[in-house]
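Worksheet for the structure shown next.
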Amino acid sequence: TTGNKTSAIIFVILGFSHRPDMKVIFFILFLCIYIITVLGNLIILLVINMDPVLHTPMYFFLTNLSFLEICYTSVTLPRVLVSLLSSDTSISFAGCAAQMYFFLFFGATECCLLAAMAYDRYLAICSPLHYMDIMNKKVCMQLAASSWICGNLVALGHTTFIFSLPFCGSNVINHFFCEIQPVLMLVCGDTYWNELQIILAAAFVILMPFLLILVSYSLIISSILKIRSARGRYKAFSTCFSHLTVVTLFYGTAVFIYIRPKSSYSLDVDKVLSLFYSVLTPILNPIIYSLRNREVKGALFKMRRKLFHPSS
């Protein structure tokens, strides 16, 4: 009976309703961000698939990342846009669980995928002679598949665990989507062990890949410093810069939000920080990789020439 009562709950997502005067501005802003994110990442996908020069392990992982960013943004922003247009900000129990699952799924997958990309850069710079033998098509597929499977398991575990708990009292989620901490605050009774489990799981999912990235880049930097020519050092570092920027943006906010005690929570601050890794990172991904990467810029130029000047 308790389970039936819980599953019948309708949550209300507070979102940005505390600023009704800003609804139109927020709608236009988020709509522009969503369109640019989807189009930018779609262009990256098309460019890589159309240019044989970019059919390498690094760009294989980048296609996975671009596809993931489209999905990641689509979990939250369309619903935010709908809620800004209408006065109905409710979401069903099942809908909230689904949103949390997919958000965690794509987020955890990105953690693993960024670690796989760091390993790829490590091999390319530290073992260039054996790079193509080690990072063959089969290995790339296995690393990508492992990232998606790991993300799925993490999301399934977290979502099942949280939504099997009893909910009572307030049904208002002080966030713009069904994020873990705001939902946990609506659970009946003491949630200490639930929060501890989430912190430990987040530490494993976020910090383990992050440690692999740190180890990879410490070895990469060590190898780059051994290169005698300044041009060679710059060329080697430039292949890592885009990835490093994305890692810093994504992990910087994710670590701060998920790996800290309850006493330091501020839902209004968390709402703003969540925008960084759930909205800004996906939109910056194609910009960072296209502006900093000579091969991608060259492929973009070729694609534009084919589309607008097919006879030349």
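Note that Cβ sites are derived from N, Cα and C of the backbone, with glycine treated the same way.
According to TrEMBL, the features are:
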type	residues	note
DOMAIN	40-289	domain 'G-protein coupled receptors family 1 profile'
TRANSMEM	24-47	transmembrane segment
TRANSMEM	59-81	transmembrane segment
TRANSMEM	101-119	transmembrane segment
TRANSMEM	139-163	transmembrane segment
TRANSMEM	198-220	transmembrane segment
TRANSMEM	241-260	transmembrane segment
TRANSMEM	272-291	transmembrane segment
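As a quick check, the transmembrane segment (198-220) and the transmembrane segment (139-163) clear the bar of 3 or more Cβ pairs under 8 A, pairs 6 or more apart, so the two touch. Per-residue confidence over the domain 'G-protein coupled receptors family 1 profile' (40-289) averages out at a pLDDT of 84. Comparing 24-47, 59-81, 139-163 for CB pairs under 8 angstroms to the transmembrane segment (101-119), the maximum falls on 139-163. With a threshold of 8 Å between CB atoms, the same-chain residues lying at least 6 positions outside the transmembrane segment (59-81) that come near it are 13, 15-16, 27, 30-31, 33-34, 37-38, 41-42, 44-45, 48-49, 91, 99, 102-103, 106-107, 109-110, 113-114, 116-117, 120, 140, 143-144, 147, 176-177, 246, 278-279, 281-283, 285-286, 289.
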